[in-house]
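Okay, structure first, notes after.
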Amino acid sequence: MKTLSPTGYGLLLVLPLLLAVLQSTTAHKNDINIYSLTVDSKVSSRFAHTVVTSRVVNKGSAVQEATFQMELPKKAFITNFSMIIDGVTYPGNIKEKAAAQEQYSAVARGESAGLVRATGRKTEQFQVAVSVAPAAKVTFELVYEELLARHLGVYELLLKIQPQQLVKHLQMDIHIFEPQGISFLETESTFMTNELAEALTISQNKTKAHIRFKPTLSQQQKSPEQQETVLDGNFIVRYDVNRTVTGGSIQIENGYFVHYFAPEVWSAIPKNVIFVIDTSGSMRGRKIQQTREALIKILGDLGSRDQFNLVSFSGEAPRRRAVAASAENVEEAKSYAAEIHAQGGTNINDAMLMAVQLLERANREELLPARSVTFIILLTDGDPTVGETNPSKIQKNVREAIDGQHSLFCLGFGFDVPYAFLEKMALENGGLARRIYEDSDSALQLEDFYQEVANPLLRLVAFEYPSNAVEEVTQDNFRLFFKGSELVVAGKLRDQSPDVLSAKVRGQLHMENVTFVMESRVAEQEAEFLSPKYIFHSFMERLWAYLTIQQLLAQTVSASDAEKKALEARALSLSLNYSFVTPLTSMVITKPEGQEQSQVAEKPVENGNRQGNTHSGHSSFQFHSVGDRTSRLTGGSSVDPVFSHRRGWKGQAQGFEKMSYLPPRLGPPGPLQPTRFSHPFSRITLDRVLPEVLSVPDETSHDMDSRIIGATIPPPPARIQAPSVILPLPGQSVDQLCVDLKHSQGPVKLLSDPGQGVEVTGHYEREKARFSWIEVTFKHPPLQVRASLEHIVVIRNRQSSAYKWKETLYSVMPGLKITMDKAGLLLLSSPNRVTIGLLSWDGPGKGLRLLLRDTDHFSSQISGTFGQFYQDVVWGPPAAADDSKRTVTVQGHDHSATRELKLDYQEGSPGKEISCWTVVL
């Protein structure tokens, strides 16, 4: 984490989506001490009001600078910030941006304050510094608000905690109040230990939930001997609400209403989707590889009633015909996607026009399903370089070609992409833009975006209210409604409005129109929000203002100059009236006399190729290459040189540019000398540390070490390997069994137990003797965990969350707990269930390993390659004098079992040697 100043303090708190960060900036943690830090977040009907309060004291003997640094979600609006120093409050004042800059420039001589900047995928960073006298105390308080959006069926609050020091009073409280009722609630943490879990309490009833985290000093410590904190990571709350057949809920508070609408009772409308893929040279390498992976997965998720096209462009856009998503066509398209290569220029204009032409031609020829929806998904990573390159002209061409008939979604890959250009083009055509961050999970980001739009349930959705009942209503017409999302409309009740607010929502299903009728009694709804414990005053009015401002700002992107001026004027007025820091306003922060008198906090706007100090949300690292051509080899390393049998080898193997390793010299100890050899070695294993650097012999070196010529090199002893799996067998004469897969290749069903509601499959690579991936699927809760050598992906409600191996994880949901420790052991457990473990094994036979615990919970329905050993297993008598061989009968089939030395991987690398009965399958 970045250090901002010689002294300071900190805590990173993220709540998306709620998010806040107070980060340590001190090299001397005892000087600036955080003695109290509290987070209070009240979520009332999806609208989150978060207050972060930090109290610090300067324990040093000199003046110290304390830097208050926080991260908050990009869609959140700061509403207040203040500092209390020696009993005097220094508030932040929100003003029009131009006026705030003028005030600041008068003090700072025109220098930019830079108090808020974009930092991550979903976050912005706020920071302010103040000098603190010895023994003086400072209280910082930041308030921000956000409407939580429903994403793939869940609302999410995320807290990222990194105090970097022990805090005497650390407390986080999250109150959730949902009048519709909370259907499920789950928590996840990347720092939680069993001891810390005792500081977490969750209470919940039908409509309310309270989550409190209040660790003691001892619970925060890494160990009793260390004064360092273990708090370093994420804490996440996910939930959803109950829904009626109508899918809607009208809620009223203090003269304002909000209407939530999310029906999920029909099958999806057939869709016709054109994927326009940038295959220009700038996409080569990791980008095009991840694009191929995502496309193959997305194609497999197409519905049988869907139609699709693939359009790639690389200087010229090749034409491809529209096809139905039949199994044959999907497999053909997957093969095509797997062969996509990056080369040439970026021809956005022609590729986009061709995509529209394909849809129009299919429509004219009546090839598209009746009343289906059509949209185009564009993925690109750079500016147009071939054909039409003027962004405004491309936008005009695309807008005229689409003519309101299709929806356009633009995905910008990386930070070199012209995001403002893509955003305007998408919004002008009924879609949206999304940035895809260059990272190990880029393919997952693409897949997740597709899942958001994969299931359109309604089209042309319109909300209607009596004109004598409401006014100043937010957007009430929507082109599409997708499964897992939510449409939100808010407004103001008229002074003489009826006692009952009625509403109609009209939309189109696949083959019919539908109208939803809802009513809400004003007095009853007002009574729902009387409890001050769970709501803050006039929250629904602020929700209405927040939503109105967000929509006005979105409209300015594609508006004409005259329209833009009017939209911005209204958004500015609301921002000032409700004290929101938006792209049109700034917060002027005053300081004590003698310090820099004021600073300005502004809302960053994502409208350029690169946003100043924007990063992907991960730390930056510097990589240094070694300049010399030698390598130091250490004990236990192994190298696999392959040398040509051809004559005339001149200091290097055929097909290799250079060689930087040689075998250890045979014979008595002595100084290491460069050696040459005249015959190939297929493998050389170095089992000791070589004290000198070995270099490649030059071309003129023809002397052979006499001790190597004619010497017999004994083969290295075979390493003890970890088996494919170790199966605990409770209640049998053999307490555990090692199973090696020697004859399997490709997907293997390892376990299937309908009684437990679990299935485990894996992909076995016979040549490498390892699993390349293992997938665990649970029926209740519906969840899938897919582990590869690189990372773990948890999929729930079509939403993917990726985790790196050896990251601490602690997730509790109804019916399942997921944990992972620093050793990389992932455990999936639940009462009265078999515990399934996954491990990325770094020892000999590197690869994924499966662990099983509590196997007595398997039902009589268990089956599979490994599961069969929990059904009707009979061990025969010893078949050898030394009791090293036995026969084991499994479901009537005999298998030979041999007692062998194996590495037990169950506690991680390096493993320990065990004697284990081994069966080869």
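Cβ from N, Cα, C; glycine included.
Summarising the annotation, Swiss-Prot assigns signal peptide to 1-27 and lists experimental evidence as the type of evidence.
Residues annotated as domain 'VIT' in Swiss-Prot, with sequence analysis given as evidence: 28-146.
Residues or ranges marked as N-linked glycosylation site by Swiss-Prot: Asn80 (among others). In the three-state DSSP scheme, Asn80 (N-linked glycosylation site) falls into the strand class.
Reduced to three states, the DSSP call for Asn205 (N-linked glycosylation site) is coil. Feature annotation from Swiss-Prot assigns N-linked glycosylation site to Asn205 (among others); the stated evidence is sequence analysis.
The feature N-linked glycosylation site is assigned by Swiss-Prot to Asn242 (among others), with sequence analysis given as support. For Asn242 (N-linked glycosylation site), applying a Cβ distance below 8 Å and a minimum sequence separation of six or more within one chain yields Gln180, Gly181, Ile182, Ser183. Classification of Asn242 (N-linked glycosylation site) by DSSP places it in coil, neither helical nor stranded.
For 270-428, the entry in Swiss-Prot reads domain 'VWFA', with the evidence type sequence analysis.
Listed in sequence order, Arg506, Gly507 are the same-chain residues six or more apart from Asn513 (N-linked glycosylation site) with CB atoms under 8 A from its CB. Look at Swiss-Prot and you will find Asn513 (among others) tagged as N-linked glycosylation site.
Marked as N-linked glycosylation site by Swiss-Prot on the basis of sequence analysis: Asn577 (among others). Less than 8 angstroms from the CB of Asn577 (N-linked glycosylation site) sit Ala545, each of them six or more residues away in the same chain. According to DSSP, Asn577 (N-linked glycosylation site) sits within a helical segment.
What Swiss-Prot lists as region 'Disordered' is 591-646.
For 608-623, the entry in Swiss-Prot reads compositional bias 'Polar residues'.
Sequence annotations record features per position, and here Swiss-Prot assigns O-linked glycosylation site to Thr712.
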(request) Would you kindly give the Cα-Cα distance separating Asn80 (N-linked glycosylation site) and Asn205 (N-linked glycosylation site), rounded to the nearest Å? (result) 32
(message) Below 8 Å Cβ to Cβ and six or more residues apart, same chain only. Which residues does that give for Asn80 (N-linked glycosylation site)?
(response) Pro91, Gly92, Glu141, Leu142, Val143, Ser579
(request) Mind giving me a neighbour count for Asn205 (N-linked glycosylation site)? Other Cβ atoms within 10 Å of its Cβ, every protein chain shown. (result) 9
(request) Let me know the model's mean pLDDT on the domain 'VWFA' (270-428). (result) 88
(message) With DSSP assignments reduced to helix, strand and coil, which class does Asn513 (N-linked glycosylation site) get?
(response) strand
